[in-house]
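A.B. asks: Handing you a structure now.
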């Protein structure tokens, strides 16, 4: 087995073990601890912590400890949150939600940076296009990672109200700590080690916002946060729990996770043939259609299959955002990967925080209209970035074509 794939599998199974414990808990927060709003408050606090850590921590920790040990340290924060759910109260869930939030942004930023560097290194080794190998690696990762939602929710559903096994989180930490190879960015090594001032690294996420492309692309992670929050906080509570009962929440989320996992692998392989624009169009049309249908549909327990159809379609579209957004950020901002992925987590966390924040006082129809509006704006902004990239490539191609002609004229003149 090739070195790159082996390390991708280690990261992927580490996340599978970690989120088997955490995923089921997240899905049940709003339903299981709903009496005083504890569940939704815990989720809001969690993503508030992600929002704060995204601004500063990922570039600092990745530079200080490297991708591997940043992942290990951040995983420990998830284990703490899982333990806090053994004795769920305001005094255990809120502090551990903050701890998890502070660890989440470095975890995901380090994981995305690791897969991007590993994919580019493997592509260079075998003579392939970097983005194609990176896309395949993200597809494999999300296939394995999203299956954690299947196992975590299955445990929560079969033994309702019980916490999924925390031992899997500890095993995840040990797996990554022992078997994952440390990796360094060959591009940065080629440019030489440069000692950056502390404040320069601390604020690198904000400096990258000077790039017009990033400012346009922030709506993609914002929408990702909105749509995931809607599924976890509103679809599970206002549709599934109200019509079928809380015992069906886990099974509906299993359908979402299974569809998401399979589509992630499919998109990772399809992208090199279809390009990312076609996949973004598929995701947008699917979520637009689902949102409009949910506005018109009145949940009926006799229509059991419909609840699973919606979660499956939601997972099919979410797989586009999870795979393609990460690859897009890694490809467009290759020289500033850590800051780019930190920005991604920052804006996604903002989407989560705002969505969970208004969850308790806005009706479901209003939330769906917000989803429709944000998705439409995100697609317009994304289309603008693709147009700018096409213009940039055209200019580069024209410049390359001019060089031989200019050299020929100079040789003739001499």
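Glycine is no exception: its Cβ is also placed from the backbone N, Cα and C atoms.
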A.B. asks: Which residue range, 244-267, 388-411, is the one TrEMBL calls transmembrane segment?
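C.D. replies: In TrEMBL, the transmembrane segment feature sits at 244-267.
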A.B. asks: Please report, as numbers and ranges, the same-chain residues at least 6 past the borders of the transmembrane segment (368-385) whose CB is under 8 Å from any CB of it.
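C.D. replies: Residues 213, 216-217, 219-220, 222-223, 226-227, 230, 280, 284, 287-288, 291-292, 294-295, 332, 351, 362 contact the transmembrane segment (368-385) from elsewhere in the chain.
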A.B. asks: Can you tell me which parts of the same chain pack against the transmembrane segment (69-88), counting only residues 6+ beyond its ends and a CB-CB cutoff under 8 A?
C.D. replies: 11, 14, 18-19, 21-22, 25, 32-33, 38, 46, 58, 61-62, 95-97, 99-100, 102-104, 106-107, 109-111, 114, 163-164, 166, 169-170, 172-173, 176-177, 180, 182
A.B. asks: With contact taken as 3 or more Cβ pairs under 8 angstroms (pairs 6 or more apart in sequence), are the transmembrane segment (342-362) and the transmembrane segment (94-117) in contact?
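C.D. replies: Yes, the stretches contact each other.
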